[in-house]
Amino acid sequence: MTESWEQGKGRRTQPPWSAPNTNEQPGLRLYNSLTRSKELFFPQVGRKVTWYCCGPTVYDASHMGHARSYISFDILRRVLRDYFKYDVFYCMNITDIDDKIIKRARQRHLFQQYRESNPPHSDLLQDVNTALIPFLQRISETNDPDKKQMLERIQTAVSAALLPLQDALNKNTGAEELQKHSQVLMEAAVDLLSDWLDEKHGAQIADNSIFSQLPKYWEGEYHKDMEALNVLTPDVLTRVSEYVPEIVAFVQKIVDNGYGYVSNGSVYFSTAKFHDSENHFYAKLVPEAVGDQKALQEGEGDLSISADRLSEKQSPNDFALWKASKPGEPSWESPWGKGRPGWHIECSAMAGSILGESMDIHGGGFDLRFPHHDNELAQSEAYFDNDHWVRYFLHTGHLTIAGCKMSKSLKNFITIKDALQKNTARQLRLAFLMHSWKDTLDYSNNTMESAVQYEKFMNEFFLNVKDLLRAPTDITGQFVKWEVLEIELNNCFYSKKAAIHEALCDNIDTRTVMEEMRSLVSQCNSYIASKKVAKQFPNRMLLRSISSYLTSMLKVFGAIEGEEVIGFPIGGSENSMNLESTVMPYLQVLSQFREGVRQIARQHKVTEVLQLSDLLRDDILPELGVRLEDHEGLPTVVKLVDRETLLKEKEEKRKAEEEKQRKKEEAARKKQQQEAAKLEKMKISPSQMFTLETDKYSQFDESGFPTHDTEGKELSKGQTKKLRKLFEVQEKLHKEYLQMVQNGTTA
């Protein structure tokens, strides 16, 4: 007798567990400029990420080139912090001691003094003509075509402003007219005069406050711009002017380690000594640029490339760690005499002071790779005596303006403030998200229009979902049976989430993420439309989950601020939720009342009431940031939208209707012209149509048909056949015309 299964052995223990087949989760890879490839990202200590970013040199307004780097790094920082959940410690510097700042501060000070001195008109004319001599020499010596073109534009403007003042002086014009011409010349010649005044008097400036006022002002403007762009503030902000003692100590240790040398009160880094060291490599980022004297001299600064300065170096490839100050330059005490820091050493000393001997990430613009970042790496590794000061070097791509190179020195740039006059900070950020952070971004009307349309597309989806979620139901009514459409949409949702995660792991590929999000919304829109056709209510919980996820991703990217659960904030991130929850119940009541009135008005054909209802929808409520959408047979949809957005939509609609009407009128006018031309042609008798063309034909038969050309040669059979067809067509047209005349149907 066999045992029953209850008595069988081994049945009281669990069976072996069958593990699912799982694909290994992708890890985050970042494009590392040190290897020029995507590398798996591993912080050096647990989940903490130490990050240093090169900040601005503050001597002028921040422009879209700055925005390219700082918005892009802000996105990367937020993704690492809020998506991958790293503990990011972010340090950024402000360069407030630099050749550009010194020169600009001197020029601004001297030009302001010159303007305030109110020079006589004849003196101004003479000074501008004198300043033109070295300026024209500078143009002739400039090889860069873009820079040459910029200088020539200045020369043209100055020359155009010179002539009226000269003419007015020759004619003894009145004081008011002379003053007007002088002001025009002063404005046109500001760059030219500033250079000339600096050459004459720059060395006489000894007041250090002149060199601190300029960067202090522009740093303040920079922070305002970053706040307007919703860029996170750094955890630590370092200013060069506050770190001079640390920089001096940093330079001294490099000298002590044998990689620096003193020359005429300045200190230089020996690139040869460093490169020959067994444990070091010079120019890790761009080794092929070693010896590029143009790039090296740009890195040294305009005030540091004179013949006497360059002769102090042991090698042209060496660079300044400490610069002996000349007259007219700010200075600080050091073991080598009064001087100021070199550009590259500033970042090394400040970053080293905060982050130590090695950091996880260093970021900056693509154009900083050589010599700035390569020199940073060399001097820092010489100081710390290691070969890993930076583990991952990230460089944001260039920014072009409508396909053209952007350059502050070439005066071809758009300030951040100007850009924010045309588009919102969110739209700018969306434009950046729709492109790879490491590739060139073209800032153009097409680029921004794509971002605006993306924002509108997402916003309409969020507004539609919010409207669906507001439909009254009890809590159990929110949960309905899932049919095939819901299962398919949910599968699509999770597929898109996986694709988005994979894209973020792949060098934080926001471009792909944005496309996947757009595709997901398109699927949702198709689902909602299918439900509408079937006269079924869409699944709220599924749409809530998807829209909440999309909102959370846009929050990660910094495109949404505040506590908004679904969609973009309305009326500012702080009061968005309160505004919507407060006013929406009243708007719903108003909408329902309006719908009831419209139904009665339609039944009784009261057109005046229907017109008032349309006026409320089209003109009154948009002024308050409310959009009503009427759908035949369905409840009116109520949407809260920014007032400016609605008014812009209204204006665009008006322009579109005007354009449509203009095209309609143009088509009618063309049709009328064509009909008039046809009528005129119909009036011509076939016997006259060729006889008028004496430049082509010389002889005709009795019906007016041509037989010979202008030279008296008889027409060929082919020509005759072709002309006969035209003749017969005209016969038919003229016959129709005669019939119209007989019937009285022509004017």
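Any Cβ shown, glycine's included, is placed from N, Cα and C.
Copied over from Swiss-Prot:
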type     : residues             : note
REGION   : 1-26                 : region 'Disordered'
COMPBIAS : 15-25                : compositional bias 'Polar residues'
BINDING  : GLY55, THR95, HIS372 : L-cysteine binding site
MOTIF    : 56-66                : motif ''HIGH' region'
MOTIF    : 100-103              : motif ''KIIK' region'
BINDING  : LYS408               : ATP binding site
REGION   : 651-685              : region 'Disordered'
COMPBIAS : 651-683              : compositional bias 'Basic and acidic residues'
REGION   : 700-721              : region 'Disordered'
Residues of the compositional bias 'Basic and acidic residues' (651-683) by DSSP state, where helix covers H, G and I:
33 helix, 0 strand, 0 coil
Same-chain Cβ contacts of the region 'Disordered' (700-721) under 8 Å, 6 or more residues past its ends?
685-691, 693-694, 727
Cα-Cα distance, maximum over GLY55, THR95, HIS372, record's L-cysteine binders, Å:
13
Other same-chain residues whose Cβ falls within 8 Å of the Cβ centroid of GLY55, THR95, HIS372, the recorded L-cysteine site, in sequence order:
CYS54, PRO56, THR57, ASN93, TRP343, GLU346, CYS347, GLY364, LEU368
GLY55 (L-cysteine binding site) CB neighbourhood, other CB atoms within 10 A:
25
Least Cβ-crowded entry, counting other Cβ within 10 Å, from the binding-site residues listed as THR95, HIS372:
HIS372
